[in-house]
């Protein structure tokens, strides 16, 4: 094909899903001329599966994206139709925000955000090859014959590389929602030396709202007080749409088991790996055979559509079996399927080929993010896109990568898990993956990360000033709580009325608030609150810091120990095969992963404590030969 020079950019982003949008906005907002290429303008920030943002572990990622200056939190705050804080019966370490989105408005808002960004161009085309000179990437070539040159390329291809749809015996190459698929790019990546693999995911059917009997389902309403995803917002309350809960039946199970061999998953047609924590209904029935019923959530896809998403019943069964199966579910007996369920298989990369900066090892200036890296979920994708965008800019500027470690952010946990351990299935973030989750709460993401975002040039002045004001307000209120006191006379009658233990002597509000039964609302009832001048989120911060102070201090000490190993840096040019004392497996793994620190090396499967001791001795020898300077 004849190529023509179509333009020069600092950064080119391939794909405009959740990863691509964050990557392109980050590079453009940091002052670099950016091009984002998508196969369809109608698929920008598409939600091809669940129409929601957030959830357990995922809400934390969105809050962190926002704290660093990303877009996802702002976008969902504009377009949510129901919001719920999950895990409120547990401690704040696992509180996770989740919002149902109007998926069509979400797409429109993100598309408009891209269009309004001065340093960002949008092109509808298909990237078919990565242009390179040796191992240095210099741009991309497209299906329309365009040659775009750039200083960095970010791959955010989602599930579109050689994507194949499965519904029972029916299979065809296509992207989600009847969109096209990328047929040629994988070959170009293999030519560059990338190790590719096949993963699978799936989605349930969408059914017509008017064909559902909601009267036999349980109503699931949103929170009365809505917590925004973005730290730039305070009050975003509006009329919310209800969701509904129903369950499968024994008849559902019978339909599935009778047709199990017709499922693409169980007929042997699909051999790729699917997401463990989002199993198909076939997997649920087989793996949890003792259960005769599984819960399903009925969720609206938007305000101006009658499509309803049936969460919890993704499948690759044939369409006619789907029709029989859905009609065995309480409330769906007469349902009309508008879009059938399907499984989708796609190419992705082995993420152990990535540096922690998300640059491909051995290929200069090529970065990647999102499902291409083996993850699942919009939030995981967006987080990677943001970090890939930041680090593409820093590579252009000749600066060290921007790295968040496991003690600083869920984003740090995500990236460290991917590049250090790899993944054999689509990776999903969960609170249990974060060792320091009491410190890495969603409520303090701005306190942890906004200064960092400002220092690298992504957080703008208005957000930074808001952060400084909140920080000062928290410190001021915390000081007031420590200095202001309550007496038995002031509080005991109310405490006894509420069945709580009276106090014997006067104590500070800080000590009073430490008591399990004392809430900030109780302080306000006693006339001891800060009043309306102090925001709800500032009060929440003070309560959490006060009640969990001992636990947080203990975790901070653990983080200090963790940092000692993280701060012992390893040069990526080290030849591990030349270090005596390392076991053969450790040498191979270390040469492959190329960890940036002793801490990261210690988390590599196959590297033992004895191997770490050898590395520490090696670093000490290097330090001595350099006259005690550095590691």
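Backbone N, Cα and C define each Cβ position, glycine as well.
The FAD binding site feature in Swiss-Prot is assigned to 15, 16, 17, 18, 19, 20; the stated evidence is sequence analysis. Feature annotation from Swiss-Prot assigns NAD(+) binding site to 274-288; the stated evidence is sequence analysis.
Positions of the features from Swiss-Prot, shown on the structure.
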residue: 16; record: FAD binding site; Cβ contacts under 8 Å, 6 or more apart: 24, 36, 37, 38, 43, 44, 45, 114, 122, 156
residue: 18; record: FAD binding site; Cβ contacts under 8 Å, 6 or more apart: 45, 72, 370, 378, 379, 381, 382, 385
residue: 19; record: FAD binding site; Cβ contacts under 8 Å, 6 or more apart: 156, 158, 369, 370, 371, 372, 381, 382, 384, 385, 388
residue: 274; record: NAD(+) binding site; Cβ contacts under 8 Å, 6 or more apart: 199, 200, 201, 202, 265, 280, 283, 343, 425, 426
residue: 276; record: NAD(+) binding site; Cβ contacts under 8 Å, 6 or more apart: 425, 428
residue: 278; record: NAD(+) binding site; Cβ contacts under 8 Å, 6 or more apart: 201, 314, 376, 426, 428
residue: 282; record: NAD(+) binding site; Cβ contacts under 8 Å, 6 or more apart: 256, 260, 263, 265, 266, 315, 316, 317
residue: 284; record: NAD(+) binding site; Cβ contacts under 8 Å, 6 or more apart: 291, 294
residue: 286; record: NAD(+) binding site; Cβ contacts under 8 Å, 6 or more apart: 260, 266
residue: 288; record: NAD(+) binding site; Cβ contacts under 8 Å, 6 or more apart: 294
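Contacts of residue 20 (FAD binding site) defined by a Cβ separation under 8 A and a same-chain sequence distance of 6+ are given as 13, 14, 36, 38, 154, 156, 158, 369, 370, 385, in order along the sequence. Taking each of the binding-site residues 15, 17 in turn and counting other Cβ atoms within 10 Å of its Cβ gives the largest count for 15.
The Cβ of residue 280 (NAD(+) binding site) has 27 neighbouring Cβ atoms from other residues within 10 Å, across all protein chains displayed.
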